[in-house]
Amino acid sequence: MNKLVLASGNAGKLKELSEILNPLGFELIPQGEFNLDSADETGLSFVENALLKARYAAQETGLGALADDSGLCVDCLGGAPGIYSARFGDGTDHGNLEALLATLAHHGDGPWPAHYHCTLVLVKHAEDPDPIIAQGRWQGEIIATPKGDGGFGYDPIFYCRKLEVTAAELPKDQKNRISHRGIAAKALYDQLQSAL
């Protein structure tokens, strides 16, 4: 099994990415096992932030690293919260969700078109000149009333019209197949296969 440092302290991301990538031959070791602080996310895009995180984790551990930078982009907010999704409110899932709904209350009645975006970056070492970058997008809309107990973050208000459920109402295996992170993980795997 290929060992990679997961450059994230987010337990939800670790769980989802492990469930997606473990069957593909990757063992994700959370950066916390190396007592690493999180890298400063000073980029202006998902790609920049994921690359910063991956390079930092690889440099500090000497292993290859996988970083995820994901967020929710709401159309009427010009793509916000975007790269600031994890800290849009008070930094907690509930606080961020409530802050988003309070902001959207000034933008008419919902639902509000939105999408989840995920960028995964894999570096073989800290100075890897050719990182593997994979992205996924999951189109949906934001609803005003949270539904469901699964997932994390904005999942209780992210509604998938095609399936008529929120992300928080989906079974894990189904969510992992259709979500932004699942799409990005599949794209990452495809790129890894063609590189071998």
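One is the number of the first residue shown, and numbering goes on along the chain from there.
From the backbone N, Cα and C atoms, a Cβ is placed for every residue, glycine too.
As recorded in TrEMBL:
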type     : residues                                                                                              : note
ACT_SITE : Asp69                                                                                                 : active site, proton acceptor
BINDING  : Ser8, Gly9, Asn10, Ala11, Gly12, Lys13, Ser70, Phe152, Gly153, Tyr154, Asp155, Lys175, His180, Arg181 : substrate binding site
BINDING  : Asp40, Asp69                                                                                          : Mg(2+) binding site
**Asked** Taking the residue listed as 'active site, proton acceptor' as the reference, which of Ser8, Gly12, Gly153, His180 (the binding-site residues) have a CA within 10 A of its CA?
**Response** Ser8
**Request:** Tally every other Cβ atom lying within 10 Å of the Cβ atom of Gly12 (substrate binding site).
**Result:** 14
**Request:** With an 8 Å cut-off on Cβ-Cβ distance and a minimum sequence separation of at least 6, pull the same-chain contacts of Asp155 (substrate binding site), or say none.
**Result:** Gly148, Thr166, Ala167, Ala168
**Request:** Out of Asp40, Asp69, give me whichever of these recorded positions has the highest number of other Cβ atoms within 10 Å.
**Result:** Asp69
**Request:** Starting from the Cβ of Gly153 (substrate binding site), draw a 10 Å sphere and report how many other Cβ atoms land inside it.
**Result:** 22
**Fill in**
In three-state DSSP terms, Asp40 (Mg(2+) binding site) is classed as coil
**Asked** What is the number of other Cβ atoms found within 10 Å of the Cβ of Asn10 (substrate binding site)?
**Response** 17
**Request:** Whole number in angstrom, please: the longest C-alpha to C-alpha distance across Ser8, Gly9, Asn10, Ala11, Gly12, Lys13, Ser70, Phe152, Gly153, Tyr154, Asp155, Lys175, His180, Arg181 for substrate.
**Result:** 21
**Fill in**
If you measure between the CA atoms of His180 (substrate binding site) and Asp40 (Mg(2+) binding site) and round to the nearest Å, you get 23
